[in-house]
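All remarks here apply to the structure that follows.
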Amino acid sequence: MRLLHPLIPASLLLTLTSATLHTSQTNTTITLTNNRLTANFSKSQGRITDLYLDNQDLLGPQSGDTGVGPYLDCYCIPSGFYTPGSTSPTLQLFTGTDKSGTSYAGVLMDETYPPTGQHFQQYWFLRDGETGLHTFSRLAYYNETTPYLRNLQEFRTLFRPNTELWTHLSSSEVQTAPLPSKKAVEEEVVVQDATWTFNNTPTDEYYVQFADYFTKYTFSNAWRDNSVHGMYADGSTSNGSTFGAWLVMNTKDTYYGGPLHSDLTVDGIVYNYLVSNHHGEGTPNITYGFDRTFGPQYYHFNGGKGSTASLQELKSDAETLADPSWNVDFYDSIAKHVVGYTPSSQRGSVQGKIKLPKGATRPIAVLTVDGQYFQDNSVNSSSYQYWAEIDDSGHFSVDHVKEGPYRLTVYADGIFGDFVRDGVQVKAGKKTTIQETWEAESAGTEIWRLGTPDKSSGEFRHGVARDPTHPLHPPEYLIYWGAYDWQSDFPDGINYTIGTSDPATDLNTVHWSVFGPTPNDPRVEYDTTHDWTINFPLSEDDLAERSKATLTIQLAGAKAASGNTDVYNASEPYTNLALESYINDQAEPLTLLIGFNQSSSCIVRSAVSCYQVRSRMEFPADWLKVGNNVLTLHLPYNATDTETAILPATVTGRLILPPQPIYGQTPVILSVIGSEKLEPLPAASILIFEIIRHQSEPLWSVPRSA
């Protein structure tokens, strides 16, 4: 491991006696320490309560659930949130030497939640010579009296400091910003659940440099693109020494949702979100026999006494560890301690070559549970997942794959649809070889397309375009949907013409049924939002001898009344939501029905790629005509659902949250259910229009498993 830090002083070495790892325990605590990192565990709380790097306190004083961690937390008991270890934990200390001769020590927190029998385990391991903690998290359920308990809605570990040491947070190059100051937080104005503005502190560095609004979703990221995230201390509160605290996703095979899954990363807390449905992917059910060990991941702490390394230097140091091959021998050595971890003796590899369609960019190969759409792999709670970028020659390779059957999915920017092959068998100690040709789907001669098939709606207005009003220029979609004004952007609604309109400005990144209110505007708009008009010309040659036409619509995310829960509610009129497409003056629409179990949350949770929904719809070619044609995309007029949420409102001072949830109406195409509350959200993103000479291919859709 590359260290960027100077040696610690001799006086400190004398205090610790040597560079060898040490452990100690009393009736109330366990301590793990090497020559640089020290972790103290509370036996009564089942978690870390003190953490030091080069004698620098990384956590600060404990106050409730702050000043602690990494620790395990979940939304998984019948009533919702629970912190494993808070009832009656037992802690066990491990010590040993791995295959390389390096000493290690570990702590296991073990607890059974009495009302349900859910069994929780959290593991932390410290190796000599490293400045971080390897973590595994386990949940097991073997209660026959209640075979189905609930869904595992959130399962996460948190590094949750309570100190002014940390000055910046970072999840990507465009998601790096100063942390809001204590004064800004004290005077913040709530504009939506988990969303604030700092307009009462206009000189705050976050407000000046990054955005007017702060939400935990601003720093969320897709797992394909995210391997390291965390916080940085610039030395201003630590005598000039810089520090970093990073979650390193060195393995991703025990998460769910594939590379499109996106989640919270850092917001003053450094998260490891093992399971959640924040952006609409499914979550596993906790049923009799559920037994899942997540990990390993690695909380890495760097910089230290005398360090002047920059944020990017410390983050780059952490990124060198974000590799599944890193520390494999160590993980094999501790497998005897970690229930449910799959050692390398039970893993193989996959190598493949895919002949890609013309125009494919950023291709990726994904291995997930056999027989299921890759975003739905949580339907098999024991499933594993892997992916690899495909190079320019079509080659990819994946190592350390758990033995078993897999589905191979290949997708790429610029190509509609996916390549899918089931039955890929991986055997322990063996290499599986794949060679395939991906033929791009087609229903005939493509007449026009609007948008880029990249599983995102970011190319449209207020998507990935960079904010011009702040020096750090974050992508606009990351900031907060209420920062923008539909009525200023589209006073007459959407009226788009193929060939002349600009998708970056003339089409919105989200199709609202109803928009508003926002913090700056109490108005609610629904007359210009629900219908979008797409104009397109056709010539005689386009229509000559054509009998059938096909409209393909691909949505980067869609919101129905079910939000993120996948729960059908018969009392809600829009539990299933219809996006209707009207061709010219035809009275009957083509209907894309978004099921209650396909609903997700994107734009109010600062994302433009969520659970994918698509359909190919045939219609008679005589619905079309020579000259201008009109496609109307129709959402229900002023469609809302009843939600429990903090809703946007015009605010002039600080809003204090009441003890009970606020009830209100929010847009059906702009609302979402989170782990405990609902919030607002988007719907339409990408279109392609095709005409064929004879019979078109069958209708195609991606049903989502419950």
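Each Cβ is built from the backbone N, Cα and C atoms, and glycine gets one as well.
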From N143, N199, the one Swiss-Prot labels N-linked glycosylation site: N143
Reduced DSSP assignment, N495 (N-linked glycosylation site): strand
Among N27, N239, N285, N495, N638, which are recorded as glycosylation sites, the nearest neighbour of N597 (N-linked glycosylation site) by Cα: N285
CB within-chain contacts under 8 A for N285 (N-linked glycosylation site), separation at least 6: Y148, L149, R150, N151, L152, S381
Where N40 (N-linked glycosylation site) falls in three-state DSSP terms: strand
